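To keep things clear, I will list the structure first and then write my remarks on it.
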Amino acid sequence: MSNTKQAPKVGFVSLGCPKNLVDSERILTQLRTEGYDVVPSYDDAEVVVVNTCGFIDSAVQESLEAIGEALAENGKVIVTGCLGAKENQIREIHPKVLEITGPHAYEEVLGHVHKYVEKPTHNPFTSLVPAQGVKLTPRHYAYLKISEGCNHRCTFCIIPSMRGDLVSRPIGEVLAEAKRLKEAGVKEILVISQDTSAYGVDVKHRTGFYDGMPVKTSMVALCEELAKLGMWVRLHYVYPYPHVDDVIPLMRDGKVLPYLDIPLQHASPRILKLMKRPGTVERTLERIQKWREICPEITLRSTFIVGFPGETEEEFQMLLDFIDKAELDRVGCFKYSPVEGAKANELPDPVPEEVQEERFQRFMELQQQVSIRKLARKVGKEMLVLIDEVDEEGATGRSAADAPEIDGLVYLNGETGLKPGDMVKVRIDEADEYDLWASLID
């Protein structure tokens, strides 16, 4: 009979965006390394960690509900993440929470776990922690966070008050992590941060070192080095700064996926100014045209806000005109929602909810027509697809134009012999508003 003491269990709940997911992965990796058994439930857990989101009101509500559920089911709860920056708000509703920390407070979270759950002396799990750490994504893709915080002060956003100003990770550290992911079988890396294009600004783009070689701390240099690893490299949260133009040739040459996620937010100069967002419509359209001339295969994704305080019908029409002219491939749209602490809340002339809804519907109808046009042009074309899921009906994957969770899918009906992580060549047979259907090419 074994007298090995069972590892203490820590429950874990992760909410919010991919950047928060990466924070969760880091905490989980350390907990596993120290010998804790991390479980996705409250049953038998000696304490529960809830990594929260606090960006918009609906996310705050979801986080508060998750904390409440953990308290009801378990009773011992440690809170971290963006909402943790608003400790008073949490304590007011959930006074029995044990400890609260803000975002990326990894060491503090671990210290709190040690306080309430004895640190294992015998560690049966250390040898089971993979070199790339614990990942919450499927094995074939992973998020690579290159910085924390943001230097922008957009009036609708409170991220800087939660996560602070931009702090870039050392480029050698980022590239070493990417290499470990490659060695673990990852086929696609999704580069994320609050502002990927600002990578290195805080350290004046100083030279770092990777494998003994000097590398400049910049987005372009990072992309050039990541390209050497031979994975799909997808760029998210890229502001339209001039130096972004330097990445487009890398996309044309197949070194980085021809995909840019650029949160433009609006097209009216006045609304953009009220939002404290960079860029002008004319210049943005010019650059999009230039990018497409250099790299015809480029996929452009963006997000927009409708119903921002003071938005007139004329200004909303400017946004619709931009959507029609720009023909962006993938678009997300949000109705403006006041976020506690955001400067935009102080702006006059809030747009009534029914007007917001009506504009949202008009926006999405137009974008759907754009998407139908764009995807119809892909029928008959050949492309590579990365398989995400396989079931009894067939396989589902994504092309270079599709990021996980937010973009379209490629369906391969009847292809049950494939497995997640397979990279296959297909011919597109059909298209609808957002997705494609394809056949394997032998």
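Here the Cβ of each residue, glycine as well, is placed from N, Cα and C on the backbone.
Pulled from Swiss-Prot, these are the features on record:
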BINDING   C17, C53, C82  [4Fe-4S] cluster 1 binding site
BINDING   C150, C154, C157  [4Fe-4S] cluster 2 binding site
DOMAIN    8-118  domain 'MTTase N-terminal'
DOMAIN    136-373  domain 'Radical SAM core'
DOMAIN    376-442  domain 'TRAM'
Count up the helix, strand and coil residues in the domain 'MTTase N-terminal' (8-118) according to DSSP, in that order.
55 helix, 22 strand, 34 coil
When secondary structure is assigned with DSSP, how many helix, strand and coil residues does the domain 'TRAM' (376-442) contain?
1 helix, 33 strand, 33 coil
Should one count Cβ atoms within 10 Å of each candidate's Cβ, the binding-site residues C17, C53, C82, C154, C157 would be headed by C82
List of residues, in chain order, with Cβ under 8 A from that of C150 ([4Fe-4S] cluster 2 binding site) and at least 6 apart
I159, P160, R163, D165, L166, Q194, D195, A198
Other residues, Cβ within 8 Å of C17, C53, C82 Cβ centroid ([4Fe-4S] cluster 1 site)
L15, G16, K19, N20, T52, G54, F55, A59, G81, L83, P103
Which chain neighbours of the [4Fe-4S] cluster 2 site, leaving out C150, C154, C157, have a Cβ atom within 8 Å of the mean position of the site's Cβ atoms?
H152, R153, F156, I158, I159, P160, Q194
Listed binding-site residues C17, C53, C82, filtered to Cα within 10 Å of C154 ([4Fe-4S] cluster 2 binding site)
none
Measuring Cα to Cα, how far is C53 ([4Fe-4S] cluster 1 binding site) from C157 ([4Fe-4S] cluster 2 binding site) in Å?
13
What is the separation, in Å, between the Cα atoms of C17 ([4Fe-4S] cluster 1 binding site) and C157 ([4Fe-4S] cluster 2 binding site)?
14
C157 ([4Fe-4S] cluster 2 binding site) versus C82 ([4Fe-4S] cluster 1 binding site) - Cα distance in angstrom
12
Mapped onto three states, the DSSP assignment of C154 ([4Fe-4S] cluster 2 binding site) reads coil
